[in-house]
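J.: Encoded as structure tokens, here's the structure I'll be asking about.
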Amino acid sequence: MAGAGGDKPFAKAGPSPLSRVLRISQLDAFELDGALEQLVWSQFTQCFQHFKPGILTPVEPELKALLQLLLWRFTIYSNSATVGQSLLNIRYKNALIPGQKYRPMSRPQKFWFALLTVGEKWFRERSHSLFLNHPAESNARKARKVLSILLGLTKAASLVNFLLFLQRGTFPTLTERLLGVQPVFSRPQGPRDINFQYLNRELLWHGFAEFLIFLLPLINVWKLKAGVSALFSPLSDLTGTQSSEETHLTECAICGEWPTMPHSIGCKHVFCYYCVKSNVIADIYFTCPKCGAETGQIEPVRLQVGTELLQS
């Protein structure tokens, strides 16, 4: 009997579920919780986007507190963990009860947690308007001064608590330290498998992007486009019918549209001034993509209608 309950080796490897949570994991949980609150508030305000502007402004602190209480009800009150902590396999432990066994947060701790988080945020946002309508000589002025001193002391205490958290790795907020709740792992953590596949892929794509940034300016796009056009133009001439002279004069040999400020390079084809000028600037050996004629003097197209000579 004694041997059955004697010293027995641990069956599971890895740290205990009550082992210390990394500082970065605790801070990441706070970031996720803050992002969730902003997302819920933005979705809530979108429901009133077609109402009168500013309709939620008078009761905005109360509405935010109500939404935060709903989140508290289905996270801390139900599971002793926020949404961010649940995503990171973390939950709160009642550190006031000694021992290695996990103890969830007690009901008073949960209610005090809501009061010190949701209630503190609401009071900080609403405190300015609470004393705004009171005259300067009333007792509200003294109360506001005392309140500002208390808020300053609270911020100083939070700063000291955060410095202690950076040193010891426990109780990242003043509320957790006052209530005696500590983040622990929900399940035992196995050995961390480090995989550099994502990092290697990112480095590969960054290197490929830098290579393209260096290579693309060296490629003459205009010359490449003209070469492709000249490559396929003989095929179209063989399969199609012979183009008339009117077609040459009403269609740019480069873009295929109606010529804008028609110019020629010495052959029978007509070009837009921008098309031919940009190609000649990009490639001094530019040739006509239709007939392969070398570029001569770029001149406006001269048309003879009847007995009159018209210059485009």
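For all residues, glycine too, the Cβ spot is worked out from N, Cα and C.
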J.: Is it the same side of the membrane for R20 and A140, going by what Swiss-Prot records?
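T.: A140 and R20, as annotated in Swiss-Prot, occupy opposite sides of the membrane (different topological domains).
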J.: Mean pLDDT for the topological domain 'Cytoplasmic' (50-55), as a whole number?
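T.: That stretch averages a pLDDT of 86.
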J.: Sort out the residues at least 6 away from either end of the topological domain 'Peroxisomal matrix' (169-195), same chain, that have Cβ-Cβ distances under 8 Å to it, and list them.
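T.: Tertiary neighbours of the topological domain 'Peroxisomal matrix' (169-195) are 12-23, 25-27, 29-30, 81, 85-86, 89-96, 102, 105, 109, 112-113, 116-117, 154, 157-158, 161-162.
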J.: Looking at the binding-site residues listed here (C252, C255, C272, C275), whose Cα lies nearest to that of C291 (Zn(2+) 2 binding site)?
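T.: Checking each of C252, C255, C272, C275 against C291 (Zn(2+) 2 binding site), the shortest Cα distance is to C252.
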J.: So, three-state DSSP: helix, strand or coil for C275 (Zn(2+) 1 binding site)?
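T.: Once the DSSP labels are grouped into three classes, C275 (Zn(2+) 1 binding site) ends up as helix.
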